[in-house]
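Novice: Here it is, the structure in full.
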Amino acid sequence: MKFCSCHIRYLVLGLNCLLVFGSYYAFDLPSTLERPIKKTLDINNTRYGLIYSVYAWSNCVMVLFGGVIIDKFSSRLGAIIFTTGCLIGQALLSIGVGVLKFPVVLTGRIIFGCSLGPLTVVQSAISAIYFAGKDLSFAFASTLTVSRIGSVINFYFSPWLEKSIGLVHTLEFGAVLCCFSFLIALLFFMTDKNAEKKGHVISSGSKKSRKVDFRKIKGFPPLYWLLSLICGLFYLNIFALLAVLPDYLEGRNGYNSVEAGRVSGTVYLVSIPFTLIAGKLVDKYGHRVLCFIATFIIMIPFNCLIGFTKINPIPELVFAGICYSLFASSLWPSVCLVVDQEIVGTALAITSSAQMVLIGISNIVVGVIKDRTHSYKNVMVFFLCTQIVGLFVAIGIYILDKKTGSKLEKYVPKNAPDSPENNEKVKLLKSSTDSSSSNSNDLEDYLEETTESQN
């Protein structure tokens with residue numbers, strides 16, 4: 001790749017990292033502000049769970065359409081649309097709390113869910129387009145890392161901010177950060193369009209990528225569907241648990257709201273540096289499925305310790321953060337490896353949708369269990385059971401991957417000239433040689449590099 005192209009790739013990576021920063025800060029605001037929100041709106045645990053469930057369910061529906069928008073039109077257009085939706089949704093949440101109207105709060109979360117889910121798919125598709133065949137896991141890890149910085153700032157900063165300026169203004173600050181992400185989307189739109197015009201990238205805005213063949217969804221391999229299932233099983237133990245963890249730790253360890261928020265944020269804090277490390281390791285060595293198995297093996301004792309003991313939760317949350325980083329750095333690139341790149345946006349969307357379905361169900365289950373038992377013990381049993389199931393699914397993925405060539409275990413992008421991503425890149429470059437001389441040069445450069453590496 002030429003220097004200019006490489007320069008653009010990493011400029012796009014920087015913008016892509018910031019694309020959901022504000023939205024991820026706003027996403028877990030109801031978690032860190034659970035008690036003041038329930039007190040202000042006078043709602044029980046089940047209705048509080050709805051704040052997350054309506055987000056998850058609207059997310060799982062809209063994320064499918066978001067994937068189609070990405071594949072049919074472009075990632076850059078999707079970025080504009082969905083950052084705007086996040087801003088509107090968070091603004092409505094703030095207004096709803098301010099006027100004490102719970103339906104307005106839910107409306108805001110529905111719009112937020114309809115936007116953030118597809119926005120994360122946009123982010124993943126951008127990484128897949130600009131980093132196909134090289135440093136893909138590192139690109140995914142970088143975006144996840146910066147996203148989690150937004151989450152960490154929320155857990156550490158929001159409880160203190162609420163005590164200083166009040167609940168409504170704290171929620172409004174989340175809307176301000178969503179506006180920041182919208183401005184980043186505008187910058188990416190201009191950068192991506194300019195890169196496509198100059199032929200430095202076969203962008204998501206190209207005509208080739210706009211041909212969406214829905215018959216290919218039926219042809220997704222069984223490995224893909226197992227990846228989607230394991231995605232939901234793992235993430236519900238992170239997101240659904242963190243939605244109630246500050247409140248749980250206040251009762252379990254006697255923390256105040258600020259302390260409970262900061263301790264809960266340990267998972268995201270640890271993931272900030274470790275996700276980058278995990279991404280590099282996965283790019284270099286592969287073994288993605290073994291990473292899945294390892295994360296569930298660690299998360300099972302984590303659930304036992306956090307749920308049934310009163311020891312210091314920080315060491316347990318550190319291990320959970322490491323598992324979160326390792327799993328995320330392995331999962332999303334794996335999805336890109338088992339489907340055609342021209343429909344990768346839709347594939348990522350379906351996986352995200354499966355994730356949100358299970359998280360949404362879990363939020364409701366947790367609220368109902370808590371209201372009926374007035375205890376978190378059975379809630380923790382529920383989380384433990386999901387991780388045991390996840391371990392068996394991970395083992396199933398390992399067996400199936402081994403039977404189909406161990407693509408996920410052995411595939412190392414940097415040293416695989418015959419990889420699906422690189423083959424797809426050759427096809428895309430070949431299809432565009434008649435319309436762009438710069439694309440022709442890119443094809444020649446790429447074929448020369450491939451020949452040298454094979455020799």
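Note that Cβ sites are derived from N, Cα and C of the backbone, with glycine treated the same way.
Per TrEMBL, the feature transmembrane segment maps to 7-27, 47-70, 77-98, 110-131, 138-157, 169-189, 223-245, 265-282, 289-311, 317-339, 346-369, 381-400. Here TrEMBL flags 9-404 as domain 'Major facilitator superfamily (MFS) profile'. According to TrEMBL, the region 'Disordered' annotation covers 411-455. Feature annotation from TrEMBL assigns compositional bias 'Low complexity' to 431-441. For 442-455, the entry in TrEMBL reads compositional bias 'Acidic residues'.
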Novice: Would you say the transmembrane segment (138-157) and the transmembrane segment (223-245) are touching, if the rule is that at least three C-beta pairs must lie under 8 angstroms and be 6 or more residues apart?
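Specialist: No, the transmembrane segment (223-245) does not contact the transmembrane segment (138-157).
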Novice: If we call contact 3 or more Cβ pairs under 8 Å (sequence gap 6 or more), are the transmembrane segment (7-27) and the transmembrane segment (138-157) touching?
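Specialist: Between the transmembrane segment (138-157) and the transmembrane segment (7-27), which are separate recorded stretches, there is contact, as judged by 3 or more close Cβ pairs.
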Novice: Report, as numbers and ranges, every residue of the chain located at least six residues beyond the transmembrane segment (289-311) whose Cβ falls under 8 Å of a Cβ in that stretch; write 'none' if there are none.
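Specialist: Residues packing against the transmembrane segment (289-311) from afar: 230, 234, 237, 252-253, 278, 282, 317, 319-320, 322-324, 326-327, 329-331, 334, 376-377, 379-381, 383-384, 387-388, 390-391, 394-395, 397-398, 401, 408-409.
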Novice: Among 110-131, 265-282, 317-339, 346-369, 381-400, which stretch has the most Cβ pairs under 8 Å to the transmembrane segment (138-157)?
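Specialist: Highest pair count goes to 265-282.
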Novice: Which of 265-282, 317-339, 346-369, 381-400 shares the most C-beta pairs under 8 angstroms with the transmembrane segment (110-131)?
Specialist: 346-369
Novice: Among 265-282, 317-339, 346-369, which stretch has the most Cβ pairs under 8 Å to the transmembrane segment (381-400)?
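Specialist: Of the candidates 265-282, 317-339, 346-369, 346-369 scores highest.
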Novice: What residues in the same chain, six or more past the boundaries of the transmembrane segment (265-282), come closer than 8 Å to it by Cβ-Cβ distance?
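Specialist: Here the qualifying positions are 137-142, 144-145, 148-149, 151-152, 154-156, 238, 242, 288, 291, 313-314, 317-318, 320-322, 324-326, 328-330, 333.
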Novice: Sort out the residues at least 6 away from either end of the transmembrane segment (346-369), same chain, that have Cβ-Cβ distances under 8 Å to it, and list them.
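Specialist: Here the qualifying positions are 44-50, 52-57, 59-61, 63-64, 66-68, 70-71, 113, 117-118, 120-121, 124-125, 128, 212, 217, 220, 224, 227-229, 231-233, 235-236, 239-240, 243-244, 332, 335-336, 339, 378-379, 382, 386.
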